[in-house]
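Participant: Pasting a structure below so you can have a look.
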Amino acid sequence: MACILGVTLSARQEVPDSYEYSPGKHQPPYAHHPSSPYHQQAAAQQHQQNQSEAGSPASDAVMIKIDVSSPVRGDDQQRYPKEIGKTLLALLFLAFNFFLATVSLSLVHDRVPDRDTHEPLPDAFLDRVAPQDWALDVSEILIMIVVNSCVVLITFHKHRFIVMRRVFLLLSILYLMRSMTMYVTVLPVSSRTYYCSPKSNASSATVIVKRAFQLISGMGLSINGKQIYCGDYIYSGHTVTLVLGYLVISEYSPKRFWPIHWLYWAASLTGVVMVLVAHGHYTVDVLIAYYVTTRLFWTYHTLANNSLLLKRNVRGPIPLQYDLPISMPASWMKKSPKLPGRES
């Protein structure tokens, strides 16, 4: 009995309650034998650990390099290209249609009903306001102010070539339509005091071209004495210029300049009213000119500012940015050296 207890106590002292099968810890002497279960189990654990390390996300991760292009100066030019060739083409189109309008007026002048036998047509405004010749000069002075303001604005606009060809295209369409409407329907002279040049019984091509160049030299204004031909009604060229000038200033200048916008709106409205006070046009001429100009301007800019409606090179509305029309010398653009201060 004592022997059995002794063997049992010695066995409890020699054999631990649990074994750690990690390599090198509490392994029996025969654990390193290749055929021992301990060696096989340790090898299986080591193989499983190697597979888990080899198949971990960290080891399988692949680095993908994405090249992100840094902002380039040319990006703005690619989005808003100058396209000077298109601008020159639009200018030539405007010159042709302006010349066509002057030729139309030169032909219409000889077809105007005689003022001695044909009274002005009944008009709701003209019949109630006595004609004032000075009012036409006021209207044309306002036209020159609005036009010159548009020229200055477009000159200092950063994307001036885009704005220029848009204005050229709109004016071309308006003058083309005006040359047709004034020719197909000739109205009696609306003013009894406005001077009209004598008619030519035989209007040759030489006479027509001479009249056209005389009108072009005076830009179609009466204040310089070049506009002495009658019959340019339906629709009013004065109203077209005043309304389009206001729309350009309002569209391509910052919205915070709203007092200036209201000022040019008042100037345009005053110029239109002065045309009627001078009996330079019938009221229907002014209404048609306003309607055609505003609808053409708004329709064109709706299409131009939406890439889904019109495919074009200029993508999106033009930003209201301004710069000098000519590049300054590089030496002028250098920053002055920073003077040492207290922090240096």
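Heads up, residue numbers simply count up from 1 along the chain you see.
Using N, Cα and C of the backbone, Cβ positions are placed for all residues, glycine too.
Below, the features straight out of TrEMBL:
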- 27-51: compositional bias 'Low complexity' (COMPBIAS)
- 230-302: domain 'Sphingomyelin synthase-like' (DOMAIN)
- 16-56: region 'Disordered' (REGION)
- 88-108: transmembrane segment (TRANSMEM)
- 134-156: transmembrane segment (TRANSMEM)
- 168-189: transmembrane segment (TRANSMEM)
- 233-250: transmembrane segment (TRANSMEM)
- 262-282: transmembrane segment (TRANSMEM)
Participant: With DSSP helix as H/G/I and strand as E/B, how many residues of the domain 'Sphingomyelin synthase-like' (230-302) fall in helix, strand and coil?
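Facilitator: Split into helix, strand and coil, the domain 'Sphingomyelin synthase-like' (230-302) gives 59 helix, 0 strand, 14 coil.
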Participant: Mind checking which residues reach the transmembrane segment (88-108)? Cβ under 8 Å, same chain, six or more beyond either end.
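Facilitator: Sequence-remote neighbours of the transmembrane segment (88-108) are 164-165, 168-169, 171-173, 175-176, 178-180, 182-183, 186, 203, 207-209, 211-213, 215-216, 220, 229, 231-232, 237.
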